[in-house]
Each structure stands twice: as structure tokens, then as C-alpha cells.
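What follows is a set of notes on a single structure, which appears directly below.
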Amino acid sequence: PYEKIGAELVKEVAKKTDDVAGDGTTTATVLAQALVKEGLRNVAAGANPLGLKRGIEKAVEKITEGLLATAKEVETKEQIAATAGISAGDQTIGDLIAEAMDKVGNEGVITVEESNTFGL
């Protein structure tokens, strides 16, 4: 029964990450899986589940604060191209994304579809 709860939790984490950020689902899934595994191990060893929950919540708060403190705004076309290029693993794709974002503006929508053709 605990494994099913853990699997549902990991699935929910991946979906929420995709909905909110659109990226990072693999990282979120690995982190959630580790939290569930270690949490169950600690509870089985006698740890207080509510104490674990409070500890996880405090850790999340501190990590979030740290990330927000070091986060940088991505504003220029060049910054967008560099960031998108890193994310895509291909600078040409990053440049195309930056160009598309430049054309549609901050409120615009860009739709990306898979293609069976090779190259761009």
C-alpha cells in the first residue's frame, strides 16, 4: 500500500512540475522518489512521520529561498537564445526559440510540434 501511495506522489510531482514549469520533470521525479524511499526507510526505522514532513517542508522553504536569491531574469534576446540553447542542447534551436519569442512578444504563444523530417 505504501508503494502505491509513493508512486502516486511521484506521478503528481511530475505532473505539477510539467504544469508549472514545463521542464524539470525528470529531476523532480528523481527527487520525489528519493524522498519517498528515504522517508519510508526512516519511518520503518521508527522516525516520526510528522517530524519528517516538517523537516522536508523546512528544507523546501530554504532551498526555494536560495534559488530565488540566486535566480536571474532572462530578458534580452541573447539571454533567451543562450538559455534555450542550453535547455535544448542545441544553440541553433535556442536561436530559433529566441527569434520566435522576439516575434510574438511577452504575451505571445509559441507552439512546438514534432516532425519526422531530419534537420530544421
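All positions are counted from 1 along the displayed chain.
Just so it is clear, glycine is given a Cβ too, placed from its N, Cα and C backbone atoms.
According to Swiss-Prot:
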| type | residues | note |
| --- | --- | --- |
| BINDING | D23, G24, T25, T26, T27 | ATP binding site |
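Location within the structure of each feature annotated in Swiss-Prot.
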{"residue": "D23", "record": "ATP binding site", "contacts (Cβ under 8 Å, 6+ apart)": "T17, S87"}
{"residue": "G24", "record": "ATP binding site", "contacts (Cβ under 8 Å, 6+ apart)": "T17"}
{"residue": "T25", "record": "ATP binding site", "contacts (Cβ under 8 Å, 6+ apart)": "A14, T17, D18"}
{"residue": "T26", "record": "ATP binding site", "contacts (Cβ under 8 Å, 6+ apart)": "none"}
{"residue": "T27", "record": "ATP binding site", "contacts (Cβ under 8 Å, 6+ apart)": "none"}
Within the same chain, and leaving aside D23, G24, T25, T26, T27, name every residue whose CB is within 8 angstroms of the centroid of the CB atoms belonging to the recorded ATP site, in sequence order.
T17, D18, A21, A28, T29
